Amino acid sequence: MCTNVLLGTQNQEKYQSPEEYQEHLRRSREQQVAAEQRRKQQAIARKERAAREREQERLKAEERQKKKVEAKKAQLEANRKSSEERTKEILRSAQNIRSSVFSAARKGQSDLVKKGVWEDGIDAAGGEIKPGCSTFVKSTPSDLQETLLHIATKNGDLGLVKWLDSHSADPEERNAEGLTAFHLALKHGQLAIVEYFLETYPPKEEDSERIYDCEQCSFSSLLALSLESREPELVWIILDKKMASASEISQSLAWATSDEGFRKLKGTGPTQSEKCGDIVKLLERYSPKPSVPPRVPKKESSLPNGTRENVNVKPPHNPGSSQPQNQAQNNAPPKQNYYRGRGRGRGRGRGSHHTRPVH
């Protein structure tokens with residue numbers, strides 16, 4: 001009995017009247033519209049929540065900055081009142097704490113880095129050695145301009161990079177090579193950190209320009225830095241976001257297909273060899289296309305009886321044109337020489353524009 005009732009219900013649902021079908025469509029559309037509105041409201045709420053969080057973080061940063069200013073004023077007052085030896089002791093202590101924080105960063109001890117910045121008042125911006133404290137440093141770092149943000153980036157610690165970025169670290173600061181933290185992430189193949197910078201600091205915004213420009217870099221362009229990583233995905237990001245000019249792409253393609261460049265990209269091992277091929281394909285895909293050759297005009301000559309004959313001017317030899325096309329033209333039937341004025345230009349043959357480097 002229950003089975004018959006269930007089958008009858010299913011048959012009723014299967015065979016709906018036109019009114020019921022229209023009602024069903026109307027309800028579906030209403031549900032879709034309501035879902036779309038709900039998603040929009042949720043997106044607005046997320047943006048508002050993120051804006052509030054950024055504002056709170058800004059206020060906290062201002063408060064920390066005020067405390068730093070007050071601490072500096074207190075330090076200056078103490079320097080004025082205390083003896084020179086006492087001043088040296090204060091500077092030595094501050095530099096020792098700062099050096100210990102940088103040492104912890106190099107060892108990947110992010111908890112100690114956060115403690116030093118948050119509790120000990122270590123400035124997240126700037127290099128390891130404070131001005132006037134070089135005599136207190138036991139071991140001078142190889143790069144005096146390297147910041148905590150640079151170190152966290154080299155270690156691939158995305159969590160610490162985000163934390164430092166929200167605690168007064170300056171992403172525009174450069175190391176001895178003139179590289180920002182973004183440049184360093186691009187060079188060392190830190191994909192997650194590269195994506196974080198691109199999302200947090202959009203390249204098209206004027207305020208973000210100093211983070212990405214390579215005017216002070218030891219590398220000529222962002223594309224050259226991405227090639228240094230030998231990671232196809234990073235190369236694709238730079239090309240896809242139009243962060244490389246046509247000349248830079250052409251130069252990079254010429255380098256990548258040269259013996260030296262291809263050998264450096266290929267490295268050792270089958271995985272890196274495959275990546276090298278992918279990089280070359282990406283450069284070929286985004287490289288500027290050759291310009292369209294000019295149309296070859298037809299030269300008119302007069303016959304003795306006063307009629308005119310179309311004489312095709314032979315175009316210069318094109319090494320990129322393929323042999324089958326030449327054979328097809330030679331085997332084509334002769335055309336009748338009817339005068340048609342300006343004839344239509346011939347289409348371009350598909351030449352081999354890019355030559356894949358030999359493995």
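Just so you know, glycine gets a Cβ as well, placed from its N, Cα and C.
Pulled from TrEMBL:
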- 1-15: compositional bias 'Polar residues' (COMPBIAS)
- 1-88: region 'Disordered' (REGION)
- 21-30: compositional bias 'Basic and acidic residues' (COMPBIAS)
- 45-65: compositional bias 'Basic and acidic residues' (COMPBIAS)
- 71-88: compositional bias 'Basic and acidic residues' (COMPBIAS)
- 144-176: repeat 'ANK' (REPEAT)
- 177-199: repeat 'ANK' (REPEAT)
- 287-359: region 'Disordered' (REGION)
- 319-337: compositional bias 'Low complexity' (COMPBIAS)
- 341-359: compositional bias 'Basic residues' (COMPBIAS)
Average model confidence [pLDDT] within the repeat 'ANK' (144-176): 96
Secondary structure content of the compositional bias 'Basic and acidic residues' (45-65), with strand meaning DSSP E or B: 21 helix, 0 strand, 0 coil
